[in-house]
Amino acid sequence: MPKFRILIVDDSVIVRRIINNILSESDWIEVVGVAPSGQIALAKIPQVNPDLIILDVEMPEIDGLETLKRIRQTYKQLPVIMFSAITQRGAIATLDALTLGANDYITKPANMGSKEKAIEYIRKQLIPKIQVFCHRKVSLTKHCLAPSMTSFQRKTSTQLLTLKLEIVAIGVSTGGPQALYQLLHKFPASFRVPIVIVQHMPPVFTTRLAERLSSQCKIPVHEAKDRDVIKSGEAWIAPGNYHIILVREGKQVRIQTIQTPPENSCRPAVDVLFRSVAKLYQGAVLGVVLTGMGQDGLHGCTSIREMGGQVLVQDQASSVIWGMPGMVANAGLADQILPLNKLAEEIIRRIG
């Protein structure tokens with residue numbers, strides 16, 4: 001089987017060397033080129049024919065965003081992973097890059113001076129993401145059948161479509177910012193129930209994402225804070241590095257931010273939120289799993305279904321990565337599997 005070909009683009013020689021060394025440890029990866037600038041990268045792409053590009057966000061002359069724009073003019077489907085700093089500017093630039101067509105991103109370690117820690121930090125983020133795009137390339141020629149509805153699903157769906165839903169809980173990862181925009185901007189200001197969201201992102205990034213979505217949508221979107229009271233027609237996104245759960249105090253439902261251990265290597269984790277809403281709202285929950293890598297949300301959807309709630313998942317064709325929604329669908333937990341552009345309409349229909 002041919003090796004997976006990668007082009008590294010970063011103005012730092014140290015970073016290029018670290019990434020090159022990490023990738024060279026894997027016998028299924030071939031680093032076919034390195035480039036210190038966007039200009040050189042654009043010239044190299046047709047020469048080395050990469051399967052994936054790792055692209056630094058901040059570079060002199062032509063920065064990562066401009067380089068990405070030019071890549072997308074010619075190479076619509078070539079996967080690009082952005083390499084970004086965990087700063088306000090880095091978060092904004094990364095969200096811009098995802099809007100412009102970047103497939104995913106990784107964040108730079110806070111201290112590049114500690115070489116061993118920096119290497120391990122980058123390795124843990126980067127290799128799993130590359131594996132996903134490698135597997136995706138291999139599977140593109142395979143015909144995938146949508147999982148069929150199980151008897152468990154048919155029974156539950158029929159019983160509960162008449163139950164009044166009281167909350168929407170959304171879990172999403174890779175491809176999430178664009179998916180959330182495409183979903184949330186279709187909800188009217190009069191949306192009847194609260195929305196709580198887990199998007200796998202680090203601190204600062206979740207703050208900027210909430211601000212951006214709130215400016216683009218008819219409903220307010222907040223980064224969740226401890227003891228926030230949730231309200232109908234508003235959305236809350238879990239802050240980076242914190243799980244969120246919901247607790248009832250009298251007639252109010254509040255958010256709790258907690259730092260219990262990561263689940264599925266994630267904090268915030270979809271499973272933590274979904275278990276919480278299933279326990280609190282029982283059958284009055286609509287869980288929605290959008291594009292994302294891994295299986296976070298699978299156990300949470302099991303909890304939602306066991307308590308009598310409903311689950312929708314994004315389909316494979318419209319997902320950047322059909323990991324999280326695919327796991328839920330293949331486990332027979334989804335009431336419906338829908339393209340992203342049909343999900344908002346179905347959510348509104350079910351909420352009533």
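Glycine too: its Cβ is placed from the backbone N, Cα and C atoms.
Features of the protein shown, as given by Swiss-Prot:
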DOMAIN    5-123  domain 'Response regulatory'
MOD_RES   Asp56  4-aspartylphosphate
DOMAIN    166-352  domain 'CheB-type methylesterase'
ACT_SITE  Ser173  active site
ACT_SITE  His200  active site
ACT_SITE  Asp296  active site
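Taking CA atoms as the reference points, Ser173 (active site) and His200 (active site) are 5 Å apart.
Same-chain residues at least 6 positions away in sequence with a Cβ under 8 Å from that of His200 (active site) are, in sequence order, Val172, Ser173, Thr174, Gly176, Cys266, Pro268, Gly292, Asp296. Secondary structure counts, DSSP: the domain 'Response regulatory' (5-123) has 56 helix, 26 strand, 37 coil.
By a simple count of nearby Cβ atoms, those within 10 Å, the most crowded of the recorded positions Asp56, Asp296 is Asp296.
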